[in-house]
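Down below is the structure, laid out as structure tokens.
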Amino acid sequence: MNPLEVRGKSRVMLWLLLAVTLALYGFPFIYLLLTSFKLPIDAIAVPPAVLPDTWTFDNYIAAMSREGVVPALINSVTTAVLSTVMSLVLAVPAAYAITRFRTPSGRVFIFAALITRMVPTIAIGAPLIGVMRDLGISDTTVGLAIAHTTISLPLSIWLMASFFEAVPDELDEAAKVDGCSRLQALRRVVLPVVSGGLAVTAIFAFLASWNEFLFSLLLTSVRAQTTPVVIANFQSQFGLDWGGMTALAALYSVPVILLTLFLQRHIVAGLTLGAVKG
Amino acid sequence: MAPAAVFLAAFVVWPLLTFVYDSFFEIEQFGGGRTFVGLDNYGAALASEAFTSASVRTVIYTLIVVTAEFTAGLAVALLFVALGQRSATFRTIFMYPLMIAPVVAGLLWRFLLIDNFGILNQLLFEVGIISSPDQIQWLSNPDIALYAVALPDIWLTTSFITLVLFAGLQNIPGEVIEAARIDGARYPRMLISILVPLLRPVIAVALIVRGIDAARAFDIILIQTDGGPQGSTTTLSLLIYRTMTRFGEPGLASAMGTIYLVAMLVVAVIAVTAIWRPGSNKS
């Protein structure tokens, strides 16, 4: 038991305090959900009401039937999956090499990778427009996924390095004695041991791409547009359609929230490890 | 390591070099003509009031966000620790905003704060804190808009600080706390003299990570105010974006961006090497 744990009567007060804090903290999103079930006219009523007068799915149907919304949702999923795969394929061998060979260049590399996380997004995004054009992948999901990978790769390398660090070298050595090559040892012995870490890294790469906005805004116009960009355009194009906006926003958030609740232990591991180490 | 290095070189380092290179040219956005102008863009950037005030705003915004998050995050982390293992479920609930896209969070808060039908003012009015539901013009009063646009950022990531500090608090050896208690240390004293100093590395990491992200904030502000009213929420990211796309001056935008980039890297490298020292416990 943690010695900072409070016992006795003041515990009740603390639980109460926690309940109030959580209620305040959760209110904005709950209000968003409730609004998404209101009639469009009730969403902008003065004074505003918390609960819908009439519950309706109309906002969801209207949002989904808007031009470009369904393709944007598909683009978001495809881009995030592609970017996650790229990030893992590049990060796993890099992190493995860094932790196993322990060369000075490896240390420089991991530090450099960390520094790339501190670059203002606009300073990479703007010139990437030209790079994507030169590669012939302007406004494609692949191009956008590459851009998103520049964000998730440094963190992925850092996370994977921490997980590999926790696996003793002896395990690789034993595999080599049994006749495995380095790569076989990595694939058959080490990777299964760090499967939890692999999951953490994948979740973070996915979330980074799913929520990213500036690259998506700069690098896509029609074909590869993702949902955050559509959500942002919503307000300029349709003025005060708060019902539709809240429905789309809810639709975009709820799957990842559910996924997160399901995988919460992994997320906490990644956040604390990612933060403390990288 | 090589494939990852090649990838980062091609899609991070190369674009960055292009970006810095562009800053020495006057570029016509359409037609692509460019003239070498040396440091003229830098001179223009530093002389422009828009750039200096956006820099100041970026610093203020970062300070607001990080201070608020740290204070709230530490308070909640201590609350979770005080309640022990049984708070596990609540910790999970507390974490959910981290999964919400910043665009969605910005939109949501714009909706909560909107002048005529925003629920926040209505609630403040009903509780009796303000005298009319449109008394506070959160996002349209230039004097307070910069504080108001920081709210979703704070809401979105306080849980990150909480989680990191909570993890740090779990690692403090119980004997240290017991000893302090036997010496008669009360809670505030213990917090200032024992807990915060022991948490210093964790705090440093949390503040650096959040500080850097807050200084880059873009989507959250764009969607709430688009930099307005009267430019009062135009931070560096927004100014550079606008200079590049809307005003059509990529050269000037690149010079502004390069100054911003260098400033961020200097702060980051100092912070990382002096306080954080990642990997120093390894090998």
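Don't overthink the numbers, they just go from 1 along the chain as shown.
Note that Cβ sites are derived from N, Cα and C of the backbone, with glycine treated the same way.
According to TrEMBL, the features are:
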{"type": "DOMAIN", "residues": "B:55-271", "note": "domain 'ABC transmembrane type-1'"}
{"type": "TRANSMEM", "residues": "B:59-81", "note": "transmembrane segment"}
{"type": "TRANSMEM", "residues": "B:93-112", "note": "transmembrane segment"}
{"type": "TRANSMEM", "residues": "B:144-169", "note": "transmembrane segment"}
{"type": "TRANSMEM", "residues": "B:190-209", "note": "transmembrane segment"}
{"type": "TRANSMEM", "residues": "B:252-276", "note": "transmembrane segment"}
(message) If we skip the immediate neighbours and take only residues 6+ beyond the ends of the transmembrane segment (B:144-169), which ones have a Cβ under 8 Å from one of its Cβ atoms?
(response) 57, 60-61, 64-65, 68-70, 72-74, 76-78, 80-81, 91, 94-98, 100, 102, 105-106, 108-109, 113, 136-138, 195, 199, 202-203, 205-206, 209-210, 213-214, 217, 220-221, 224-225, 228-229, 232-233
(request) Would you mind listing the long-range same-chain contacts of the transmembrane segment (B:252-276), meaning Cβ under 8 Å and 6+ residues beyond its ends? (result) 16, 19-20, 22-23, 41-42, 44-46, 51, 55, 201, 204-205, 208, 211-212, 215-216, 236, 239-241, 243-244
(message) Quick test of the contact rule: Cβ under 8 Å, at least six residues beyond the ends. What residues does that give for the transmembrane segment (B:190-209)?
(response) 66, 70, 73, 78, 160-161, 164-165, 167-169, 172, 176-177, 180-181, 268, 271-272, 275-276
